[in-house]
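Each remark here refers to the structure printed beneath this line.
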Amino acid sequence: MAKFDILEDLKWRGAINQETDEEGLRKYLAEHDDLALYCGTDPTGDSLHIGHLIPFMILKRFQMAGYHPVILIGGGTGAIGDPSGRKTERTLQTAEQVKHNEEKLTAQMKKLFGTENFEIRNNAEWLGKMNLLDFLRDYGKFFQVNNMINKDVVASRLENGISFTEFSYQILQAIDFYHLNKDNGVQMQIGGSDQWGNITAGIDLIHKLDGSDRPAFGLTIPLMLKADGTKFGKSAGGAVWLDPEKTSPYEFYQFWINQDDRDVVKYLKYFTFLSREEIEDLAEKTEKEPWKRAAQKRLAEEVTKFVHGEEGLKEAQIITEALFSGNVKSLSVPQIEQALKNAPSAEATHEAKNIVEFLVETKIEPSKRQAREDVKNGAIYVNGERQDDIDFIIEPDSDFDGKYVIIRKGKRKYTLVKIK
């Protein structure tokens, strides 16, 4: 049986930007089954976001092909900060912040990769034990300052200034690759396109210290841009997090289901494990019947299931269907809070009140005249039910444990009224 050509699959999926030695890597893969590869992430926050999925999807594909992925948490480098892609110096974190973030990220990674044939390392294990003289004697002499200055990540910062702390980051990242290569048999590093200089610095260090025939490879991923030219990864509300407390499964699902027709096939290739045949079929459906949004629905299902599991996907679909159909009464209080987290909100008391007065007092309607007109025209829904009687009394304690009243005006304009 022919061996699965993972590099060819990655190329088809548009997942490769640059490779340091494709011929050497192909030869290694043909002759060995033990490739180990890693990517690093510094614990600058307490949650991963969908930008992290870009390199992690590559690791996951290698894992599914039988290879050994390693994620390196930068407990050491995270205390300094990677200058890549930044115009200004990072604010340094306390040791307590770094430790807290490490624990949160580790839990999220284990959820994505499981515990079989997967490893999480922390560069504080070796960088934290290194003193300044060891750093200068054992590694510093292998780095030429003129070469370091010419690296894109440094050159772009020279005009406004870069501290020695951030300037030395590429040496520390090179030491990481050398350490993992020598002590853990990790042969390849992957990263974003802005990491090319750091990755090649690591390969150079490995070859200088352990010989040019030592297997060491690098692969970078293209910058993910949307069809409109903007950077992928943000929603209208900001970053899309993997932590369900920061971005609920419903919001996460909505981010993917709302992708542009021009982007959806690219994202299916990159962020799902669907076969080429399935993706080509969905591409054809998008071209012929774009209004059905079959590709977007499948994309949202696959990525939500990968990140939040079957339960998170089911929750997101239940909320989506309830909001689309208007049957919000079927939702639980936590589901309501997920669904309408970013909707306009208002406050009211527990007192029963005439619908017209309620709409004006909560500022959903600008005047009693407008409120009466909208109610008579059937444009107002209370807790999912149309109310066209201007004498209708809203009883705030009747639904949702007396915590909320949900007003819908027209087809999709929801307001979450919190009962105090």
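In case you wondered, yes, glycine gets a Cβ from its N, Cα and C as well.
Check Swiss-Prot against the ranges 226-230, 231-235, 276-280, 396-400 and you find motif ''KMSKS' region' recorded for 231-235. Looking at the stretches 43-52, 363-372, 383-392, the one that Swiss-Prot records under the feature motif ''HIGH' region' is 43-52.
Note on the motif ''HIGH' region' (43-52): DSSP counts are 3 helix, 1 strand, 6 coil. Here L-tyrosine is bound by Y38, Y169, Q173 per the record. The longest Cα to Cα distance in that group is 18 Å. Secondary structure counts, DSSP: the domain 'S4 RNA-binding' (353-419) has 22 helix, 22 strand, 23 coil.
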